[in-house]
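Working notes, structure below.
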Amino acid sequence: LLGALLGAAQAAVYFQEQFLDGAGWQKRWVHSEYKAERLGMFKLTAGKFYGDPVRDKGLQTSENSKFYAISSRFKPFSNKGKTLVIQYTVKHEQKIDCGGGYIKIFSSDLDQKNLSGDSRYYIMFGPDICGSETKKVHVILNYKNKPHPIKKPIRCKVDGYTHLYTLIIRPDQTYKVKIDNEVAASGNLEDDLDFLPPRKINDPAVKKPHDWDDRIQIDDPNDIKPEDWDEPEYIMDTSAEKPEDWNDSVNGKWSYPMIKNPLYRGEWQPRQIDNPNYRGVWPHPKIDNPNYSPDYNIYSFENISIIGLDIWQVRAGTIFDNFLITDDEDYAEDFGDETWGETKDPEKEMNIRQTEEEQERERVIEEKYFEQRFKKKIKEKRKSQRDRVMRSSIKKEEL
């Protein structure tokens, strides 16, 4: 981490956690006690496969179908006038089918022992996976005590390897989301999150001209309904016969039942043709929104002081590691390269090697199984042949 350490001389590092001191993390992280019977426990591990057995150790969810709530406190700070970078790694070793992998940033007044899904947060960021539909990266920012999610879809990684997630928020109100140190999304906070009313609105004093034709297609005036088109939808079934036990005085006068008319063709509609008078979508004139007021501080938060995991997982096994909160984008990128970047390839190699070894074990077991079945069949066949010979000898003796 030499490069990252040198960069730290210029960068403000508000929080950094790599779990390199063994059980020491338990003094820095606080488990929530809110509805404790529903909460699962974290354990420190590098998982089943890893790039480095020490550097890859992180907090892993360990119980299926549980909520998880844990947090760590650091010295309060404000990001006003400064860049805010939030970064960490996530490894869905279990190839998660439904569960969160995101983190939350809180103010200093959070009651850590009562952390829950109802706790108000500043920022929520990271991957969320559930079924085939939800595979996204959350970016949710609190503004005037209301959470505002990003409108852009950002797809997260869905394999079982460790991935690096980075959120960058700048004082010019722009943002950037990086996955594995590659830009996945970027833009302006005001444009991509509904913090403020729109700058422009349709002019209510202007209405679409009466002669403006915005119909793309119209009825063909030359298309005429066929003379034999009109047929009733239902007709009497004249092949039916009155039941022998039908009593008019009890059941009423019997009549033929109604059946679907096979000749019924529905309501006639003329065919559609392109409208020769089509003028396109009418451009409603815009005016400045009187309810719009710019806010140049929607990016900033005061007393940022706690990072937490507040998630639900159906299948446990996710590992969280390499947490970083800083004001320096370059430092964060270097830190990512010198942590995740150095162990990602060895991690894949170990997983591939384990998979090949497991496949070889399964192949050997399968071969032994079929070999035993083959030997058993041969034994049964020989026994059957001996039995036939014995029966044949007995018959001859009897004759």
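Glycine is treated like the rest: Cβ placed from N, Cα and C.
Between C98 and the candidates C130, C156, TrEMBL records a disulfide bond only with C130. Comparing local CB density within 10 A for the binding-site residues Y102, Y121, the maximum falls on Y102. Distance between Cα atoms for C130 (disulfide bond) and Y102 (alpha-D-glucoside binding site): 13 Å, as a whole number. Counting other Cβ atoms within 10 Å of each Cβ, the binding-site residues D128, D310 show the lowest value at D128. Here alpha-D-glucoside is bound by Y102, K104, Y121, D128, D310 per the record. The longest Cα to Cα distance in that group is 17 Å.
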